[in-house]
Amino acid sequence: MSFNHIKKVIVGMSGGVDSSVSAWLLQQQGYKVEGLFMKNWEDDDSTEQCASASDLSDTHSVCDNLGIYLHTINFSKEYWENVFQVFLQEYSVGRTPNPDILCNKEIKFKYFLEFALQDLDADLIATGHYVRRVDMNKKTYLIRGVDRNKDQSYFLYTLSYKQLKQCLFPVGTLNKFQVRNIAKKLNLITANKKDSTGICFIGKRKFKDFISKYIPIRPGVIIDINGNTIGAHQGVSFYTLGQRKGLKIGGVKQGNGQPWYVIDKDTSNNTLIAAQGRNHPRLMSIAFITEQTQWVKRDALTSPLHCTVKTRYRHPDIQCQIYPLLNNNLKVILKIPVLAITPGQSAVFYLKERCLGGGIITKIYHC
């Protein structure tokens, strides 16, 4: 009997194809597999929001097909307090947070992990993320998924070294086409199910309509870089740096006649600042500061390091030099200027395929 046969793994099941195939792959590797479906948002399930009744039904179908037991748990309270409230607080002060990263940090790899290990007596947990855990030379590394188009390491940079050693990512060595083919051969109900996109608690609703229920709309003015009023906005929280659409100032003709873009948000005066041209100097950054820096590797950074950084999901890696500051903060010097780096977003650092960690962007330096 192999070592894997005595290992119990709880798979986070979402009702999607990736977690479905993850469960089957682990079965093939000899693990004792059980599933767990998390409900993270209280809402009317008939409105097709995340954690809906249909997702749970699909998960039950997959588990029945694979012959594994399914646990269910409600983490809505934990999600509200540790993810959604933080999301609202950040937006209310003009920053643009990433709720998926918060959810992974606070729910999937904290409450789910603790519940699986302590209450369900599991040895490990697994998720359907497209990343790889590699054990080599008595060390464990978080590596990008083989499918670079689906790689999700950006969302998992908050994993601690200890947490990483308690996790498995079965589909990280496959591409999406292979995953769907496996699901089709197994006749899983999730085989052709579309990938979830966007912010889960918003679903198909318009972002502004949803957020305005929690953050009061405070109309204000849009000004140019000289302080001239050129339009009106519906609340600085609803705009992001580099945004072009929805400003309704296209008819304002100045300078070079190029389109207008949001280049800054003055939250204290409830003012939006816009300038013309996608490559305006106020939109281009050559350096920034990160706070709340977290490392997947065992030790924090103590000396400058040359690596690459990703400032948003699906954005290309940029060569950079990172310098440790006090309180585990970093200064990041970019090799080339980058467009619309946004406070509140995460900067994630890599050495080739290896994800080192990351932090929250708090201050940017323009060209």
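Cβ atoms here come from the backbone N, Cα and C positions, even for glycine.
Residue density at Cys103 (active site, nucleophile): 23 other Cβ atoms are found within 10 A of its Cβ, drawing on all protein chains shown. Residues or ranges marked as active site, nucleophile in Swiss-Prot (evidence: sequence analysis): Cys103.
Feature annotation from Swiss-Prot assigns active site, cysteine persulfide intermediate to Cys200; the stated evidence is sequence analysis.
What Swiss-Prot lists as ATP binding site is Gly12, Met13, Ser14, Gly15, Gly16, Val17, Asp18, Ser19, Met38, Gly128, and the listing cites sequence analysis. When secondary structure is read from DSSP and collapsed to three states, Gly12 (ATP binding site) falls in the strand class. Take the CB of Gly12 (ATP binding site) and look out to 10 A: across all protein chains shown you find 23 other CB atoms.
Reduced to three states, the DSSP call for Cys200 (active site, cysteine persulfide intermediate) is coil. For Cys103-Cys200, the entry in Swiss-Prot reads disulfide bond.
Using a 10 Å Cβ-Cβ cutoff, His129 (site 'Interaction with tRNA') registers 24 neighbours. According to DSSP, His129 (site 'Interaction with tRNA') sits in a coil region rather than a helix or strand. As annotated by Swiss-Prot, site 'Interaction with tRNA' applies to His129 (among others), with the evidence given as sequence analysis.
Around Gln345 (site 'Interaction with tRNA'), a 10 Å sphere centred on its CB holds 22 further CB atoms from the protein chains shown. In this structure, Gln345 (site 'Interaction with tRNA') belongs to neither helix nor strand by DSSP; it is coil. Sequence annotations record features per position, and here Swiss-Prot assigns site 'Interaction with tRNA' to Gln345 (among others) based on sequence analysis.
Among the recorded positions Cys103, His129, Cys200, Gln345, the ones whose Cα sits within 10 Å of the Cα of Asp18 (ATP binding site) are His129, in sequence order. Under a cutoff of 8 A between CB atoms, and with a sequence separation of 6+ in the same chain, the neighbours of Ser14 (ATP binding site) are Phe37, Met38, Asp55, Thr59, Gly128, Ser196.
Each residue contributes its Cα atom, and for Gly12 (ATP binding site) and His129 (site 'Interaction with tRNA') these two points are 10 Å apart. Comparing local CB density within 10 A for the recorded positions Met38, Cys200, the maximum falls on Met38.
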